[in-house]
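A.B. asks: Mind looking over this structure? Questions follow.
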Amino acid sequence: MNADAQSTDASLSMREPLSHASIQEMLRRVVEKQAADDTTAIGKVFSEAGRAYAQDALPSDKGEVLKISFSLDATQQNILRANFPGRRTVFSNSSSSSHCFAAAHRLLETDFVYRCFGNTVDSIIDLGGNFVSHMKVKRHNVHCCCPILDARDGARLTERILSLKSYVRKHPEIVGEADYCMDTFQKCSRRADYAFAIHSTSDLDVGELACSLDQKGVMKFICTMMVDADMLIHNEGEIPNFNVRWEIDRKKDLIHFDFIDEPNLGYSHRFSLLKHYLTYNAVDLGHAAYRIERKQDFGGVMVIDLTYSLGFVPKMPHSNGRSCAWYNRVKGQMVVHTVNEGYYHHSYQTAVRRKVLVDKKVLTRVTEVAFRQFRPNADAHSAIQSIATMLSSSTNHTIIGGVTLISGKPLSPDDYIPVATTIYYRVKKLYNAIPEMLSLLDKGERLSTDAVLKGSEGPMWYSGPTFLSALDKVNVPGDFVAKALLSLPKRDLKSLFSRSATSHSERTPVRDESPIRCTDGVFYPIRMLLKCLGSDKFESVTITDPRSNTETTVDLYQSFQKKIETVFSFILGKIDGPSPLISDPVYFQSLEDVYYAEWHQGNAIDASNYARTLLDDIRKQKEESLKAKAKEVEDAQKLNRAILQVHAYLEAHPDGGKIEGLGLSSQFIAKIPELAIPTPKPLPEFEKNAETGEILRINPHSDAILEAIDYLKSTSANSIITLNKLGDHCQWTTKGLDVVWAGDDKRRAFIPKKNTWVGPTARSYPLAKYERAMSKDGYVTLRWDGEVLDANCVRSLSQYEIVFVDQSCVFASAEAIIPSLEKALGLEAHFSVTIVDGVAGCGKTTNIKQIARSSGRDVDLILTSNRSSADELKETIDCSPLTKLHYIRTCDSYLMSASAVKAQRLIFDECFLQHAGLVYAAATLAGCSEVIGFGDTEQIPFVSRNPSFVFRHHKLTGKVERKLITWRSPADATYCLEKYFYKNKKPVKTNSRVLRSIEVVPINSPVSVERNTNALYLCHTQAEKAVLKAQTHLKGCDNIFTTHEAQGKTFDNVYFCRLTRTSTSLATGRDPINGPCNGLVALSRHKKTFKYFTIAHDSDDVIYNACRDAGNTDDSILARSYNHNF
């Protein structure tokens, strides 16, 4: 045993040392083997890198983490998470600002609104948005309107452009540009189904906004703005989380916003425009309407939604409903009428009542306690002090057991004494009315308002006992509230909701807008006029000014209007009964009642006049544009006529010399293409109707040929429309390029000024030598110098910023084939059609070789559906090179030929892969008397590239001859084909003597697919084909095709690969039209072995089920598929 060990060591020592190349090869094999297994260390690295690459390539979605760099404390972060619960956010706290929370909230608002649309492809317009932020998070379908309305907007634009430059410098792989314009939303030329705005519509009238949305075809608009329902009832307030204070100047119709710790960030808006977003529920444009809904309130920032109303007709009701934005704030509020000391002017002696908002629950509780504690002989000062103390404890912070609680709604300390005085007066009046109520109850009489509220009117200001005596003299009818408020202008509601009446200057006299009039000797002429109108003087009151110790006599008058209102109230029965505790028609009013009494307006704003004006302007612009174009055409026609006249003169006088000043050289005409007279094309050789000019449809197969013409035109038109849409989306610039590849990763864009191709990956190359490209002016021709564009071509394209190509630009076959089809319509056709419908591998190619006449006078015309079949036939059929060139070719090549050869017989291979109209047209142009078509009706048929086009005449019809014996497929494959795939051809037999050939190989990834340079690799989709071609271990395997591309091919070994677990109709074979045709082609290409490499274990996979069935079937059963007569 020791001897064996010594010999082994000796042999090892004699081995040559490993070279560097062999070590590299070993490492490569190990990495490739372990990369597919994510449980290994190497597999984990590749898995994480692949996931990161895929996430980076995809647009922003709700599952992606949103990074926020602003410095925020834990409370602010929790508020953001609560406001946006469906968003994964990471707070890095890397940048500091005094308004970090507002900035972070704005970023999340933008993300929230963008995800509401659920669309990352179609164009979306952002009013005043930050195009740099959109580019960073890959919102490439967003166009930003960034108008410069003032210097502040210009500064913001400068900051964004500098930030964009810095970002692009750090990310050189970015090719596209930021998508923005400097026009207002109203003037922007972009159209989209969606639009949104983040804090940028506060100064934009909602009617004007809706008109612009309608003009641009916007169906859904979502905006956010800093707005609070308290703005409807208060003059000032704060938004705590955002650290913002707002104040309304109702005289100037302005609302001011200020960041408390950032004085330079304040801004102002027109309050009347801002208020519309809170109060209106619809916008009526006359011909259209938008519904306004307040969807969400983030505690100071509201999400407002404008949705286009489909099917709207003029005068249709809007069903406005009740606005939820303000109702809860209004419902629990009471308006308390008060009077303050100091509301007296020595020149005018004008008293003013002030209105204070008090919480309804607080007012009820305090009034009830004050009534229980009322003592008729007690001092009024002490009672008012007690009531003021209760108000303070009920509306401010209270500490109970060390815990601070807020009791009720905060009330300004300046309002304690006035509100307490009014409550005391109300309680005293109720107490004094008790005897009279008892006597009236005893008499069974109803109590009238005038009996309860008897007394007289008087001035109201606080001056000790004088104020109480003045309050006691007020006499107002029971329906004063509604009548007085409805008589006020709508703008006066602002003063009704005022909490800051104490800010009035003494130098500015403030009048009470109620029907009470207080005049002195200065207004003697007015007093006399009032007296003539029926107003009586009922009392003169002497008032002492405590500051100047002067006495003034004031005459009080009751207006004629009040008399009439009182009489009508009595006649109509509007006499109030005993009031509840806080329901007083003079001093306590529900804010909800005030709202409906004063704001007597609809909830839908009528913007039809503005819409008509806007539409008229658009119509005038279009008319002017049309007139300008018509004038250009007319001028061009005049110029052309003049040139033709000069040309005719020169032809008529060849020896007369040129006319001075009118000579036109060819170089001059070449510089101006518009002046070039197009050469008329020769008419095709077919008859036309003399009257209508239409082609005479002589061909008996005209229905199929016409359908082929319409189909080719539709595919060409679709290609033009698609490329134009791509250009329009990008505005024919490099903006938003990442969206271009979303629908088709084979699209490419060429930037002439940079001489660069752009695609879905960082380094994208053209997939073919494109014949043409789409520019903003239409198709342009491309010329190639090897693998790159010719220098002269690039120079001619430099007038365009960008051009686009797709697969339709490789070769424009449709435009070249259609003239031949139109020509065939006008020609007679006398040929018979015989269809050899055989199973896969029945010897169609061998049969063609046997029957084809390739020499002599009657040479057969042999056409195929694809180039690979034509090349195969050229190698099989023995004939001269000239015959192969003209008589063995593809159908498209023959129809595009300028001089089509004639033949007595047409042989067409794989005839069901081509539209029947093209086959009939080729036979007509060739002057054939017989057509023989070879194909398989149950293999892949003609596939339309226009899903919306409906075919009725695409299948070749004629006499059918069937062949049910295959020479290619082994016995187990034939068994599967007959059982699972062929429905109309039975029984299927084989002349092959191979019994078993099928094997199922489960894999975890494409890396596990076996390498065989002589095998045919098949898959169902182009995506799977691209994955196979990208595998490093399959380099050199050139035979990788889809099942559609492989139809007609034959190989000894076929490797079919399914690389996705998604179940589709291609895998299940349950396509409602084509059935399992793709699986039939896949399983019928091999002669010796068929290996099915699959990631999925899908019980619905028709190939998988067939292969497993064949593997479990006894040999004797499989042998029944042999052709025993062979």
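Each residue, glycine too, has its Cβ placed from N, Cα and C.
Below are the features listed in Swiss-Prot for this protein:
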BINDING   Gly838, Val839, Ala840, Gly841, Cys842, Gly843, Lys844, Thr845  ATP binding site
DOMAIN    90-278  domain 'Alphavirus-like MT'
DOMAIN    806-963  domain '(+)RNA virus helicase ATP-binding'
DOMAIN    964-1125  domain '(+)RNA virus helicase C-terminal'
REGION    69-406  region 'Methyltransferase'
REGION    834-1094  region 'ATP-dependent helicase'
A.B. asks: May I ask which residues of the same chain, at least 6 positions away in sequence, place their Cβ under 8 angstroms from the Cβ of Val839 (ATP binding site)?
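C.D. replies: Result: Asp936, Lys963, Leu964, Ile965, Thr966, Leu977, Tyr982, Lys985, Val988, Ser1084.
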A.B. asks: Enumerate the residues of the same chain, Gly838, Val839, Ala840, Gly841, Cys842, Gly843, Lys844, Thr845 excluded, that satisfy the criterion Cβ within 8 A of the mean position of the Cβ atoms of the recorded ATP site; list them in sequence order.
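C.D. replies: Near the ATP site, the remaining chain residues are Asp936, Lys963, Thr966, Trp967, Arg968.
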A.B. asks: Tell me whether Gly838 (ATP binding site) sits in a helix, a strand or coil according to DSSP.
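C.D. replies: For Gly838 (ATP binding site) - judged by DSSP and reduced to three states - the answer is strand.
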A.B. asks: Look up Gly843 (ATP binding site) in the DSSP assignment and report helix, strand or coil.
C.D. replies: coil
A.B. asks: Quick one: mean pLDDT on the region 'Methyltransferase' (69-406)?
C.D. replies: 82
A.B. asks: List nothing but the one residue from Gly838, Gly841, Gly843 whose Cβ has the fewest other Cβ atoms within 10 Å; the candidates are the binding-site residues.
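C.D. replies: Counting other Cβ atoms within 10 Å of each of the binding-site residues Gly838, Gly841, Gly843 gives the minimum at Gly843.
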A.B. asks: Which residues does Thr845 (ATP binding site) neighbour through Cβ under 8 Å, counting only same-chain ones at least six apart?
C.D. replies: Glu872, Leu873, Thr876, Asp909
A.B. asks: In sequence order, which residues at least six apart in the same chain have a CB under 8 Å from the CB of Ala840 (ATP binding site)?
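C.D. replies: Asp936, Gln939, Thr966, Arg968, Ser969, Leu977, Leu1080, Val1081, Ser1084, Arg1085 - these are the non-local Cβ neighbours of Ala840 (ATP binding site), listed in sequence order.
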A.B. asks: Once near-sequence residues are set aside, which residues in the chain of Lys844 (ATP binding site), 6 or more away, have Cβ atoms under 8 Å from its Cβ?
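C.D. replies: Long-range Cβ contacts: Val836, Gly838, Asp909, Phe934, Gly935, Lys963.
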A.B. asks: Report the same-chain neighbours of Cys842 (ATP binding site): residues 6+ apart in sequence with Cβ closer than 8 Å to its Cβ, ordered by sequence.
C.D. replies: Lys963, Leu964, Ile965, Thr966, Trp967
